[in-house]
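Everything on this sheet refers to the single structure shown next.
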Amino acid sequence: MDLLSGTYIFAVLLACVVFHSGAQEKNYTIREEMPENVLIGDLLKDLNLSLIPNKSLTTAMQFKLVYKTGDVPLIRIEEDTGEIFTTGARIDREKLCAGIPRDEHCFYEVEVAILPDEIFRLVKIRFLIEDINDNAPLFPATVINISIPENSAINSKYTLPAAVDPDVGTNGVQNYELIKSQNIFGLDVIETPEGDKMPQLIVQKELDREEKDTYVMKVKVEDGGFPQRSSTAILQVSVTDTNDNHPVFKETEIEVSIPENAPVGTSVTQLHATDADIGENAKIHFSFSNLVSNIARRLFHLNATTGLITIKEPLDREETPNHKLLVLASDGGLMPARAMVLVNVTDVNDNVPSIDIRYIVNPVNDTVVLSENIPLNTKIALITVTDKDADHNGRVTCFTDHEIPFRLRPVFSNQFLLETAAYLDYESTKEYAIKLLAADAGKPPLNQSAMLFIKVKDENDNAPVFTQSFVTVSIPENNSPGIQLTKVSATDADSGPNAEINYLLGPDAPPEFSLDRRTGMLTVVKKLDREKEDKYLFTILAKDNGVPPLTSNVTVFVSIIDQNDNSPVFTHNEYNFYVPENLPRHGTVGLITVTDPDYGDNSAVTLSILDENDDFTIDSQTGVIRPNISFDREKQESYTFYVKAEDGGRVSRSSSAKVTINVVDVNDNKPVFIVPPSNYSYELVLPSTNPGTVVFQVMAVDNDTGMNAEVRYSIVGGNTRDLFAIDQETGNITLMEKCDVTDLGLHRVLVKANDLGQPDSLFSVVIVNLFVNESVTNATLINELVRKSTEAPVTPNTEIADVSSPTSDYVKILVAAVAGTITVVVVIFITAVVRCRQAPHLKAAQKNKQNSEWATPNPENRQMIMMKKRKKKKKHSPKNLLLNFVTIEETKADDVDSDGNRVTLDLPIDLEEQTMGKYNWVTTPTTFKPDSPDLARHYKSASPQPAFQIQPETPLNSKHHIIQELPLDNTFVACDSISKCSSSSSDPYSVSDCGYPVTTFEVPVSVHTRPPMKEVVRSCTPMKESTTMEIWIHPQPQRKSEGKVAGKSQRRVTFHLPEGSQESSSDGGLGDHDAGSLTSTSHGLPLGYPQEEYFDRATPSNRTEGDGNSDPESTFIPGLKKAAEITVQPTVEEASDNCTQECLIYGHSDACWMPASLDHSSSSQAQASALCHSPPLSQASTQHHSPPVTQTIALCHSPPVTQTIALCHSPPPIQVSALHHSPPLVQATALHHSPPSAQASALCYSPPLAQAAAISHSSPLPQVIALHRSQAQSSVSLQQGWVQGADGLCSVDQGVQGSATSQFYTVSERLHPSDDSIKVIPLTTFTPRQQARPSRGDSPVMEEHPL
């Protein structure tokens, strides 16, 4: 094992030594003309690569021959073994080394890349090509003529033209032989300094011209190769007369240098020769020897007379760096003089470097395809740069032009490897066009560039891409068919078959053209005539062979030029544009395109509108049509006119086109109700109508068209009990349930009709008045309902808003956020102000409590209360609220279950304001039995006295006794000051809120009347203790207006007096309003209902959400701190001026406190549901404590900012909704104000301003009442705004978080709910955890707080 490990390490080290340089050279010798598949060498062995184990490589070792694209290599190499073989290509030394001097070796070089990258090396292999005798020596001519004078001496030598053999060495010319010389001439061979063998003819005998003047013989030349090769030429010798002297050159060897850029005609050298003869024999003739090459003869000119050598053609040092010119000077004799002129052509930097790219990675269509996951340093190509110039002009550097993930690494002189320098990413770059730059060191330097394209391989998800996005071609008319116009080309980022591109003509291509599918050459196949067509615009498609194939196209524009003999041509004979009717003036309607087949000014077209149509304008150059009018499709649906096009020729030509502009409908019309025509249409619905019956049909029309005119109907308000439903398409209003007694009355259903327009739907609303009754004979009732329907607007179920753009939503959200922030700041400010202003008044209230004449408390109780107060002050606990519960229940004389009246006194113990805040005072119902007088309308207990023990021996007629004998016409019902004890009209089952979930003790008092009747007693609250006492009540006559007979019923009275409370809240707004207290209006529901909140419906019973009855859609939320409806009561001194002694003893009632009949026309006598207290008014219905502040009721007015929700009027008051007590009245149901301010919990008006539905402020701006309820763990905020509308003051609910249904009230309905003469409210009380019986359409079941 150790031996193997050592061998492996040695092999690796050896490989590192072998390949440390990154490049190697290896020489082999071969002979020319070698046959194919001859083994030359083995690189694996010769380079010792067999020592490297294959297991150490990621891939097997590979030998790759690197050669220039297009070259035919003379050898091949086995990629797996590294063996080198010859190919079928001929190895011709004379051809490969034609420009090399004969005395130099001939080499053939190739590069071999050894892969993989771990052992990559580039090996340069040099093959020395040995010459073989494959060429015979040849004379320059087949006949050689020479002249010899007759007096030539024996052994005289005359030079003959030498033969030439391309072979070298022994394979070259070795011997000359003279055949058939007749022993007169002989042949000698001499060797020149250059190594050439020159034949010389020797005269062996005397010559006699008169005897023989011509000799003909043969000359043979032989080489020394094997087999030996030879050739012959005819030698013809002429004998001439005697010429004693021969010419002599002044210089026999001349060497000159001349730059290769010397112009033609430049003198190279001047030869000088002399002859001793005279006359004709002294004339010297200069000529080139036959040994001068043809190239030299082509480049240089020799003046035969003067001997001047000049440049005949431009020289090129890179082709032939030097030239040997053998010049002969002859005087006509047989012995010419010889002079050798060596012309050296000096180098000039006139050649740019050349870049030779030899790919290691085989390219595809001259593009190297690389996978994006190839490793770093992957070898791509071998770059060889050369320069034919010499010295510094031939020194070349190579580099790339910009930052790319590839680099050039030098390996040999002027050779570089292109390899990856960073990881490739197909998603970032799909292909690279690498520009290689080569520059020499000349002055100025010359450079050359070459492009190398690399594609990153990926999946076939790319369509072919044309190199040009738009091809423009011009061709003259009357062309010959078959002319090639242009060649289009496209590339595809994919690879393989997916990158193979076929070129096709598009479907719009005319038949005059054809396209080569493979090359993309576009050809004209027909003769073109510009008069028929001046230009062609079509597409050429490039489609790959993928599945499915992907295509791309390029637009080709072929233009033909001719004279102005064509009129402008519209692209269409008629134009139809469609524009929305809300297109602004000068907006863009459309574009008219005109073409003119002519050229230049003749094709300059000017557009105009005919018939002086001023409604539209057209740009004379661009053809853009713009309107000068505003469109209205409902007025005109289309416009038609003609556009004229005129060219700019001398004799202008014109044409016209019809333009029709169609106005497209935009949803700019709201649906308009046809049925009912107004908000004052009434429909009678009989109570016996079966469910599912269509009771009414609404109909609305929309002036728009299409979906903008499609109308859908929905009920959005007034249908609180879900008694009706509407078909959204037909508008049919259907009765959903059987009507019962509680459903009788006028139902004001708010119906919305909205269209289906996009993007914004428009809508309209209408009030459908459905009168559920047996008949319409009761004119008084109908008139009253109609009157109230005009005063009590309808509450929408949800906010109806015309949805606009998302931007408007953002604006609304921003406005709401700002308004909320301002509201919070205002509330905090008001709270601080109220607390500051209450401090002195609370002290005064405590002082006044000591002088209270309302009830004399038991000393024990007083002492106990004071101790509790001290204890609570130490604990910093919230102060208790004083809650007074007064409940009177009356039974009819004919009630078989009645066994007499029993008076029950419930005293709540330790009721804290937190407990009170958690109780749902609004939604907990209390029910009176039928036909009992409405007592809650005028009596409320607001006593500030502490809890006390009831003394049974107290005289019955005592003013301060808890049981009062009341006349039957006195409608007396009182509850705690926080809960709602409202009166209702003729509805026998209307509901009132009277309940409190606290622990109390009950003192039942049985009341006996004549005759005794059985009654059922239900306690409002659980009692700890019970004591029964019997009290007789003498019924009093009722008012005439009520039409009742005295003595037929008794009433049950129950007082609830909380123990130890120092605070109370007044009436929750119960009691009917005087009909005359509202300013009557003749108009209906204002259309601005989204800004106002209304009542859901008005019924004969006037049971609304604002009169204190149980709200069928409100949901009790445990922990919700409910604010009290606050009523400020006047002092007894103020009331005693209008009341009888009986009122002062038994309490105020309709008989004594209010007039017998109501004057509806006397608006100046309008009164509120509460009276203003005169000082001392020491306590408010909500007392500000240290945190947590449990309740805040504030009405934002001009200072002082301490008003609450009720209205204050000067006497004579018409209705009282609370119990009035004898002075000192030290506790009120409103926030305390310093005297003589009459703005306690109500806004005070001095007559004759008597509109109860309106609140007077220091400014006409609407004020905001913010009702804030907070809890330790949850925050519920109700913000109620009051605005002065046409129908009265209306509240706007800003949202109640955590409430199932928003509550909507108006001041008029809140404070003056009804004026009906019959007021019967059945009353019921609840024990803890008892649930109220929900009415139809209730919210989830209301529960009392577990406390």
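Just so you know, glycine gets a Cβ as well, placed from its N, Cα and C.
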Candidate set ASN48, ASN365, annotation N-linked glycosylation site, source Swiss-Prot, matching residue: ASN48
N-linked glycosylation site: annotated position in Swiss-Prot, out of ASN145, ASN773: ASN773
Listed as N-linked glycosylation site by Swiss-Prot, one of ASN553, ASN679: ASN553
From ASN54, ASN732, ASN778, the one Swiss-Prot labels N-linked glycosylation site: ASN54
DSSP-assigned states of the domain 'Cadherin 1' (26-139) in counts, ordered helix, strand, coil: 17 helix, 42 strand, 55 coil
Tally of residues which DSSP labels helix, strand or coil - the domain 'Cadherin 5' (467-570): 4 helix, 45 strand, 55 coil
Contact ranking winner - 26-139, 140-249, 571-673 against the domain 'Cadherin 4' (362-466), Cβ under 8 Å: 26-139
Segment-level pLDDT (mean, integer) for the domain 'Cadherin 3' (250-355): 88
Counts by DSSP class (helix H/G/I, strand E/B, coil) across the domain 'Cadherin 6' (571-673): 7 helix, 44 strand, 52 coil
Residue counts (helix, strand, coil, in that order) that DSSP gives for the domain 'Cadherin 2' (140-249): 3 helix, 55 strand, 52 coil
